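Note sheet for the following structure.
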Ligand SMILES: C[S@@+](CC[C@H](N)C(=O)[O-])C[C@H]1O[C@@H](n2cnc3c(N)ncnc32)[C@H](O)[C@@H]1O
């Protein structure tokens, strides 16, 4: 762990594009965060569970019997919420999840420790899924380098790869939900998604920290590969 100029210990929170925080500040934040306390009371692995809960309460995305892909799932808050909503523990629905990090078992969730950017990841996920998905959700946050432009490109690259994967596995009518960071760099992705989905918007749940540029891209009503290809062919005629 590095020390800052005052000699205080610092923690480097690299994921999520967050800035370096001194350990004292980080601890204060955790202690004063009502979502952290609530997550402990409700048995959620992370405060992130409330972001998905809020988005789902508003847009009614997760329903019993659905098949869900959770990318960047650890420590497991989103998986817990999704498993409960789709009925994964009793076999009504299905949740498959991956992360670079290990994740403790969540009842009903099939997990693999895997880098989503590894060329083998899409195939592995398809095997785990064993069919189409109703929702592909990604709370992945690329590791940051500190170089703004590089970080933005990495973040957008990760979301674009997730969107490409979603377009391969989603059933018609399906949903893609992904964490993005406000930068303007995702404008071309938005244009692409608007072709493939009936509705595309940004959402910022209250549980997402106000001082963070984090927000979520919500694309609903996937038109399906066939419809999209037909539209593209018509445009080139
Ligand atoms: C904000 S956390 C996810 C929190 C989770 N949604 C929850 O509710 O507990 C972001 C996660 O993305 C994972 N991640 C980042 N890049 C990844 C990649 N290339 N492949 C898989 N997971 C990745 C990180 O390891 C981290 O656990």
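Glycine too: its Cβ is placed from the backbone N, Cα and C atoms.
Features as listed in Swiss-Prot:
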| type | residues | note |
| --- | --- | --- |
| BINDING | 76, 78, 99, 115, 139 | S-adenosyl-L-methionine binding site |
| ACT_SITE | 179 | active site, proton acceptor |
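Features recorded in Swiss-Prot, as mapped to the structure shown.
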{"residue": "76", "record": "S-adenosyl-L-methionine binding site", "Cβ contacts under 8 Å, 6 or more apart": "45, 46, 97, 103, 104, 106, 109"}
{"residue": "78", "record": "S-adenosyl-L-methionine binding site", "Cβ contacts under 8 Å, 6 or more apart": "48, 49, 51, 52, 70, 137, 139"}
{"residue": "99", "record": "S-adenosyl-L-methionine binding site", "Cβ contacts under 8 Å, 6 or more apart": "72, 73, 74, 111, 113, 114"}
{"residue": "115", "record": "S-adenosyl-L-methionine binding site", "Cβ contacts under 8 Å, 6 or more apart": "100, 121"}
